[in-house]
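Colleague: First, the structure itself, so that you have it in front of you.
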Amino acid sequence: MQRTETFAPPAARPVYLRPAALALATVLAALFLIPVVVGDAFIYHVFITICIFAGLSTAWNIVGGYAGQLSLGHAMFYGIGAYAGMILMNMGVSPWIGMFAGAAVAVVASVVISYPCFRLHGPFFALATIAFLEVFRVLALHFRDVTGGAMGMMIELKLGWEWMVFRERLPALVIAYGMMLVCLGVAWAIREHRLGYYLVATRERESAAKAAGVQTVRVRLLAVSASAALTAMMGTFHAMYLTFIEPAAVFSLTFSIQIAMFALIGGIGTIYGPLLGAVLLVPLTEIARGALGAQALGLHGFVYGVVLLLVVLFMPNGIMGALSRFTREKAAETPSQAGPVVSMPRAETRPPLGAEVMRVEGLQKHFGGLHVTNNVSFTLREGEILGLIGPNGAGKTTVFNMISGFMRPNGGTVSVLDRDGKMHQPVSPGDFAALGVGRTFQIVQPFASMTVEENIMVGAFYRHPHVNDAREVARETAHRMGLAPWLHAEARGLTIGGLKRLEVARVMAMQPRILLLDEVMAGINQTDVRRAIDLMLSIRDTGVSIIAIEHVMQAVMSLSDRVIVLSSGEIIAEGKPQDVVRDPQVIEAYLGKDFVHADH
Ligand SMILES: Nc1ncnc2c1ncn2[C@@H]1O[C@H](COP(=O)(O)OP(=O)(O)OP(=O)(O)O)[C@@H](O)[C@H]1O
């Protein structure tokens, strides 16, 4: 029987966000008003320092938190900004211009350093940032004529807004506060925009992000560029505020780690965590330094160490993480059972099969001496469902990897029909996604820390770049996949059945023309298998072509127009499901004699 429930949009996002917004507004107002009301020079200094560190840490968090690329040499961008501002100021150029010049140099440096690292996995980026921090420090020492070398640089005392240098403290607070707001604004905009979702998705599961059409290197480069530019601009202002800079102080590893520490303590990857970290820690250390003077040299390191230890022990996701867990629990008061998968209305009569949409010819893949696929060729037509079956280790997933760009074949070609009516030979996962090929993974790849809604949105962004449109599509897809009760729950909390649905939901939200499903029925109950079959059939009726690797023979038999049987990397049979299951070679290699006698 068909279920044709209509989609009713779920309620808006939980209202617990309001107290959070209120708390944020209070902190921001206090940061400006307290020093103005108290009027004390030291209090001004403490609050200006909070703003500078909050801005720097917020900028760091774009790459270290959102993108998950640990930068331990971020002070190099700060130093570039500081030196650019000061050198240009001493040449008579206003730091307001110098700040943009520094930002431009920092962006170029960040891209040059990051590009090779982002193409690799592992700790290369963290190591490269430390190495280049040292390179910049040595350069600053070496080019004495320009930088003053180890003696450092002093600004020429030119006062006023044009030169960013003031006798009074209030204008400096206005600039520091304004720049912090700019950093927060940029961080907020990135996180709330498609780029933010893409960054977090890439951080969580790079393969799944690539399958959703995310150009992972590109989005990380955008993040590091934005972060470097903001850090450099902060560096220019801080240099003007301090009036003196030297290589050891600005290109400093300790300073870099300090910037990262505020984000770690406040809540790495959250928008306001770094602000919270700076608000809590800077006053502690500055007041201690102010009270103890020279005796307290290095005290800030001790304070940060103790706080970091406490946070790691009791709040592994930082202070914001602990707070959001509390609010998430309130939001996740959801039923414990999954909703049913809801199929779309089926067409009265099945549309006829269309043109060839994928042609696979002579695919070869070997790992060293192990030949995993040998001369695999097949075609797929529009609106067709092709079942791919075979024993474990036959090479089915390897074929999927090659027909979605995740693995380069050693021989053979994969051609996909484009909307322009021509066959193309895509190479990368992004190319395949662009041609409308969407895939799921046999081992589910959720973006664990994102909510169910956000996970599906990552797929939906491919055709709907605007957040509200993508959210709408995600909700509709979640409803259809029976995931609506969990919209605001983190994906990490789903059962394996739920994760399988999420995997399909994410790819469905991309609205693919060719859908590659890798064992999506494994681990779901009989009723849901039946519903999932209905769902696949209704998707097929819309003209989408499907290749399904499946061990659940009930699904293979009722879904497939054609079945290909792979054994030891070779196609041993191909044809209608009822013919293939009678093939003695298939019975011998995969199904076993019991299957022939079973009722199916
Ligand atoms: N990256 C790799 N390096 C070396 N061997 C690999 C690699 N990937 C797959 N293999 C090997 O290739 C063979 C085919 O693996 P594949 O995962 O494609 O099989 P499958 O048919 O999908 O199996 P299953 O049904 O168990 O998922 C296996 O022997 C596997 O160990």
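The backbone N, Cα and C atoms fix where each Cβ goes, and this holds for glycine too.
Unlike curated entries, TrEMBL annotations are predicted automatically.
Here TrEMBL flags 358-593 as domain 'ABC transporter'. Among the features that TrEMBL reports, transmembrane segment is placed at 20-38, 44-63, 75-93, 99-118, 125-143, 170-190, 221-245, 257-284, 296-315.
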Colleague: Where among 99-118, 125-143, 170-190, 221-245 do we find the most Cβ pairs under 8 Å to the transmembrane segment (75-93)?
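Modeller: Stretch with the highest Cβ contact count: 221-245.
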Colleague: Contact between the transmembrane segment (99-118) and the transmembrane segment (44-63) is defined here as three or more C-beta pairs under 8 Å separated by at least 6 residues; is that satisfied?
Modeller: no
Colleague: Quick one: mean pLDDT on the domain 'ABC transporter' (358-593)?
Modeller: 91
Colleague: Hey, which bits of the same chain come close to the transmembrane segment (125-143), Cβ under 8 Å, at least six residues off its ends?
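Modeller: Distant Cβ neighbours of the transmembrane segment (125-143) are 69-76, 79-80, 83, 109, 113-114, 116-118, 149-150, 247-248, 250-253, 256.
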Colleague: Taking pairs 6 or more apart in sequence, does the count of Cβ pairs under 8 Å between the transmembrane segment (170-190) and the transmembrane segment (99-118) hit 3 or more?
Modeller: no
